[in-house]
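Chemist: After the structure tokens below, expect a handful of questions from me.
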Amino acid sequence: MADDHRQPEASSNTAANPYNHPVASEHTLGSLNTTSTSETDASADADARWGERNQGDPVSRRGAMEEFEEMRREVTKLSLHRTRSAKDARRRSRAEGRDEEKALEDEQASSTDEYRGGFDLNEFLMGGHLERRTTAGEPAKKVGVAFKNVTVKGVETGASFVRTLPDAVVGTFGPDLYKIICRFVPALHFGKRPPVRDLLHDFSGAVREGEMMLVLGRPGAGCSTFLKTIANDREAFAGVEGEVSYGGLSAEEQHKHFRGEVNYNQEDDQHFPNLTVWQTLKFSLINKTKKHDKASIPIIIDALLKMFGITHTKNTLVGNEYVRGVSGGERKRVSIAETLATKSSVVCWDNSTRGLDASTALDYAKSLRIMTDVSKRTTLVTLYQAGESIYELMDKVLVIDAGRMLYQGPANEAKQYFVDLGFYCPEQSTTADFLTSLCDPNARQFQPGREASTPKTAEELEAIFKQSEAYKQIWNEVCAYEKLLQDTNQEDTRRFQKTVAQSKSKTVSKKSPYTVSIVRQVAACVQREFWLLWGDKTSLYTKYFIIVSNGLIVSSLFYGESLDTSGAFSRGGALFFSILFLVLQLTELMPAVSGRGIVARHKDYAFYRPSAVAIARVVVDFPAIFCMVVPFTIIVYFMTGLDVEASKFFIYFLFVYTTTFCITSLYRMFAALSPTIDDAVRFAGIALNVLILFVGYVIPKQGLIDGSIWFGWLFYVNPLSYSYEAVLTNEFSNRVMSCAPSQLVPQGPGVDPRYQGCALTGSELGKADVAGSRYLQESFQFTRHHLWRNFGVVIAFTVLYLLVTVIAAEVLSFVGGGGGALVFKKSKRSTKLKAQNGKGNDEEQVQNTGDNAALSRGEAKSSSSGEAMQRLSASDRVFTWSNVEYTVPYGNGTRKLLNGVNGYAKPGLMIALMGASGAGKTTLLNTLAQRQKMGVVTGDMLVDGHPLGTEFQRGTGFCEQMDLHDNTATIREALEFSAILRQDRNTPRQEKLDYVDQIIDLLELEDIQDAIIGSLNVEQKKRVTIGVELAAKPSLLLFLDEPTSGLDSQAAFSIVRFLKKLSQAGQAILCTIHQPSSMLIQQFDMVLALNPGGNTFYFGPIGPEGRDVIKYFADRGVVCPPSKNVAEFILETAAKATKKDGRAIDWNEEWRNSEQNRRILDEIQQIREERSKIPIADKGVEYEFAAPTWTQTVLLTERLFRQYWRDPSYYYGKLFVSVIIGIFNGFTFWMLDNSISSMQNRMFSIFLIILIPPIVLNSIVPKFYINRALWEAREYPSRIYGWFAFCTANVVCEIPMAIVSALIYWLLWYYPVGFPTDSSSAGYVFLMSMLFFLFQASWGQWICAFAPSFTVISNVLPFFFVMVNLFNGIVRPYKDYPVFWKYWMYYVNPVTWWLRGVISSVFPSVDIECASKEATHFDPPPGSTCQQYAGNFVSNIAGVGYLVNPDATEDCQYCPFANGTEYMHTLNVHDGDKWRCFGIFLAFVIINWALVYFFIYTVRVRGWSFGMGYLFGGVGVMIEGVKKVFSKKSEKEQN
């Protein structure tokens, strides 16, 4: 191993090249060589490819194009069937031995063209639309990749313990902050650093232009790491040693100047769900096409759509798991098309066929083959389940295990290399499966007698390979490639650089990696933002509806406001809320955070700078916010009776608009700086509360500066305070308010008007009028001289927020670089398991234990597992279905998704459900499992000839395609939860737990049974999904939807083999499967094959080696080629319009008229007749749920408590908010005195608790929504637990944290403010605080229980906040309410009663002492004292207040309140309200809880809509009309 880094002696001799390519010539297809003006007759040898007629002569582009029509079929044959290189005698001889297969596949290739609507990929590529070509027709961008001695370093990620609530709380006091700081300033990191290990070890090789390399290895072996390294995506690695070059360009130069030319297509499909397929592709091309070439964009889009068979989805939303859009397979094709739209020269594809059926996967691979050949691209692919047809399309293969290179070389030599080492390849195994199995100690097989001598570990296999001739050939090729570059003076590379430079816009620097200028990037992102707005019309309309509603509500509350002094304070309130309500919505945070992964990928593709997105959102904000502000300001301004002077209105409009823009920018800044959406909501919510508190409305400016010694400075950094001063001074400037009669002091008989004062701050002695400017100066210290200064300050804040956002978008990256290691719960057993599982092999999600194919260890323990299998609950009942049809509403009509499907499931029978993407496989499973929630299902589904009973769903297991679990539970906890709640209620609990032990043992999950499910890899989660269903002992049938999707071939085989054992033990199984290998399909007994539209084209036995299926199609003139995968043959045959006697075969009709179908129908009828005669055993009472409701509730409550404990962000967020708001509230109003302003501050201090719900509800709603979604999707359909248990558990789990949060908030707020310390008052307020925290939790839950979607909830929440904030008698006194609101809204507002109760408890004990400026000043008539003149007024007319200086003869001062009781009466709070309000508020809390139960049952279980469908029906008609108008415009634009 010491010589690993030494290059073996490389020869420049042509013969040393393992591919027989002359060193000085290009490695190209013979077919393509005809298009080069520099080719010789050696390029078109005896194999007779392109240019045969002109052999020996240079072929011109014109001549080649004249021959193109005749030649393109030959190119297709060359491209698709691996007889590519005329110079490769070994490959040619191999192809010549397969004449029959080639003939058949040529016929299928021609049918492929018909299937794609006549689209010819070769012709399209040769046309030069997707990339530039030379005058000779050659691709202008040709770049090969060479890598020498590459070692990739990664941080060691061992198994760890789950982070719990105490860990999060302790982390707040330093450790978490320290980690964040060290992330950006590594020099501050002290102590032991995490160890660094090799992810890849000493890789060398070359992939030349026009070549395809298949990278094979099990998940975690290093395949994704290798692809990312080649794609120059190194951010997630600790370091990369060695050299990677791209046509002679260094990795550094490539990343800096040509980043978009080398791309990595990740496994997951991340797109903006509200964009259509056409918009997604157009956006990609806009950013990769300069203005001069923009006419080619529609042509390329059309070609890409045809290429991948998704033309019909052109105007369909891409969608995701929450937004309905294209299917999963179609979404994968969109991802592929988007990557091709980058026009890159080197592309690395990471498991891009996941979710595609075998036929589509093969079509995709063929398309890559053609593009690689014709465009001379360099292509690297990793596939987990590669069929032989796909493997034969590859030039090279690289086998990786544990980060080590086991083989690299020609694909057609790999199998023999390992056979020569002593490995055995089973006859039915594909080459890719065989090569992958070498990495699995439990799956690989050795030749008899060579078990000991054959190398086994990754290190041994690597060492053997590096001593082999194949490794020397690698170095020969690397040296030959480098010599070629040197001899040609890097001609191709220089042409590549020149072509890339020419493809850029004129305004873009030639050294920039981007194609278009920042202006065009922003313009494209602006267009996309408008598309996103229009694509989510429900949210858009909901938002504007709420805005208009809030405007009407606010203005109606202040409608008819008096112009005299009595309306001064309320007018200030109206202005305050008018600048506040538009910024209450935190909906901007979600898209800003959730789209990060997409933006990061687009940055790697060199589409645009991340800052372009931030700038584009600002640009879109201008019209979007304008459209929000216009209706709102018009409604509020004129309905509240503000000054109708034009200049004042437009100034008001300007500040509302600017403020909304500013705070929206603030939200985006927090989103850009926050790692998660939870953090963004938390910090933005806290910031909003601080802005409201320190705006100068709750506490006047001077009070903040002088009295709030800790936080008063926040007034100066608060943009809302400047806006509030501006709109307030704008309204009150030049306004003179006459004193309201009720505010004249004194009043009554004998009072001389000349000796009266006005009870409003700012009034002057002896004057009955009050100047608005003086009122503002005295009350708020506001002046209109600051108007335009304030405008400039708000603009400055906006610019600051935008700058921080733009910089953060460019600098910060919160996108993870791969999966993590296993995470365990804290226990003694898991401590040992953690130590065993601390090592991994890749920066990807590693296979820690329970590795792929671990189930293959069944041979070692076959006896014990066989006995355990026999103990599984087997049934002799038979499930039959006949003429099943399923129809759903579609547009103005209906669409049939299943059409007359027949079949049966017997014990011991394993049925494969197959079909192309969108054929209806999952639909059929859901229909048979009685899980459809909409549409009409017809047909007969019977068990033993009898109708399905209430226990049917409980007697079946259903494994979803998506592994839906509580991600915070451990494997054992999930299985025990399923077993206890789903097995028969009469089974002892210990017996159920013992059964779980058997399942864990059978599934080989012992070593990771205490691992958190959220940390598992794909294959482990799939086994847990199966285990959860097996733990329920399904007595009838086990449904599985794509159990092998996303798994490598060995993991897929292990899963299916385990299912086979279950089937042999008596379990009936119906399983959908996408890409079964030959070995995989042989595990099934029967196959039910569907075509699109839910039409059956075959149902029957597979037969040994697929003979029964092959015979069925052979009888109809379609012969399966020898060694062809039967599953692939079925799908490909059904997908293509195969010719028979000059006509196209309708396979659906063929099946309906076949003898096999008649036999199946007869058998179903026979089963029904025979089984229906068997008497039904008396089972007693049939229960919908196996476990009693009490057991369901207790177990679910325990699980939810564990979930909140192990996912601390939820509980921690509540504690964090309580602490922060409590501190700000308590210490801002620190130890209030007894003045009137302090009484007002007491009132607002109590009132400020309503600032907590907007933050808390934004965390309650997502948590409840996620749990509700899991219950609706899996746990309720499986009848694990019912609606009552779900509601009760969610309600109970909120109570402890509500009490703790209330206690923390109360301690930090109540005593610092200086409220009464007697136990009666303090205890009562704590009790009310606890009820309030319980109220807000249940409030959020019932809203979420009722609302149809999370988006609607987010937009509706502000409406509720407005209602409870306004109609409680604080913002506007109850006596001034308009009649419409006065007699109902005030009383149905729960917050009203909370405020009245708390105020009635803490106010009465306060004796008020007026400050001089708070008293009303007036002079008594000459010769009278204040008491003599105004005593009667105070005692009999006013009945409240007192004279500060009764004996004075001038400047009398009247204090309007003598104590807190008199003050609270103005708030409509009475002496006896205390316990009455407690009882009423408690009733509201109970009603909230009742509503949770009510809406979950009625809406989620019963499906009631409460007329919402009719309400929005008219809106839907209007929307459709608008859509038609815009769709016509869109079609014109696309054409």
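Using N, Cα and C of the backbone, Cβ positions are placed for all residues, glycine too.
Since this is a predicted model, take the numbers as computed values, not measurements.
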Chemist: What range among 999-1019, 1020-1040, 1503-1523 does Swiss-Prot describe as transmembrane segment?
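Modeler: It is 1503-1523 that Swiss-Prot describes as transmembrane segment.
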Chemist: For A919 (ATP binding site), which residues in the same chain are close in space, meaning a Cβ under 8 Å from its Cβ, but six or more apart along the sequence?
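Modeler: The answer is L1090, N1091, P1092, G1093, G1094.
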Chemist: Counting Cβ atoms within 10 Å of each candidate's own Cβ, which of the glycosylation sites N287, N351, N1459 comes out highest?
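Modeler: It comes out as N287.
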Chemist: Three or more CB pairs closer than 8 Å, sequence separation of 6 or more: does that hold for the transmembrane segment (680-700) against the transmembrane segment (573-593)?
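Modeler: Counting Cβ pairs under 8 Å (6 or more apart in sequence), the transmembrane segment (680-700) reaches the transmembrane segment (573-593), since there are 3 or more.
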Chemist: Averaged across the domain 'ABC transporter 1' (185-427), what pLDDT does the model get? Just tell me the whole number, please.
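Modeler: Mean pLDDT, the domain 'ABC transporter 1' (185-427): 86.
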Chemist: In the structure shown, with every protein chain counted, which of the recorded positions N274, T922 has the densest set of Cβ atoms within 10 angstroms of its Cβ?
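Modeler: Checking each of N274, T922, the winner is N274.
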Chemist: For the recorded positions listed here (N149, N892, S917), tell me which residue's CB has the most neighbouring CB atoms inside 10 Å.
Modeler: S917
Chemist: For the ATP site (G915, A916, S917, G918, A919, G920, K921, T922), what does the 8 A shell look like? I mean other same-chain residues with CB within 8 A of the CB centroid.
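Modeler: In sequence order, the nearby non-listed residues are D357, T923, L1090, P1092.
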Chemist: Among all chains shown, work out which of the binding-site residues G915, G918, G920 has the most CB atoms within 10 A of its CB.
Modeler: G915
Chemist: Among 573-593, 618-638, 703-723, 1212-1232, 1320-1340, which stretch has the most Cβ pairs under 8 Å to the transmembrane segment (646-666)?
Modeler: 618-638
Chemist: What does DSSP assign N287 (N-linked glycosylation site), in three states?
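Modeler: DSSP call for N287 (N-linked glycosylation site): coil, neither helix nor strand.
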Chemist: For A916 (ATP binding site), which residues of its chain lie six or more apart in sequence with Cβ-Cβ distance below 8 Å?
Modeler: D357, S359, T360, N1091, P1092, L1131, A1134, A1135
Chemist: Using N351 (N-linked glycosylation site) as the reference point, find which of the recorded positions N274, N287, G918, K921, N1459 has the shortest Cα-to-Cα distance to it.
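Modeler: That would be G918, the closest of N274, N287, G918, K921, N1459 to N351 (N-linked glycosylation site).
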Chemist: Tell me the Cα distance separating N149 (N-linked glycosylation site) from G918 (ATP binding site), rounded to the nearest angstrom.
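Modeler: N149 (N-linked glycosylation site) has its Cα 45 Å from the Cα of G918 (ATP binding site).
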Chemist: Which of the three DSSP-derived classes (helix, strand, coil) applies to G920 (ATP binding site)?
Modeler: coil
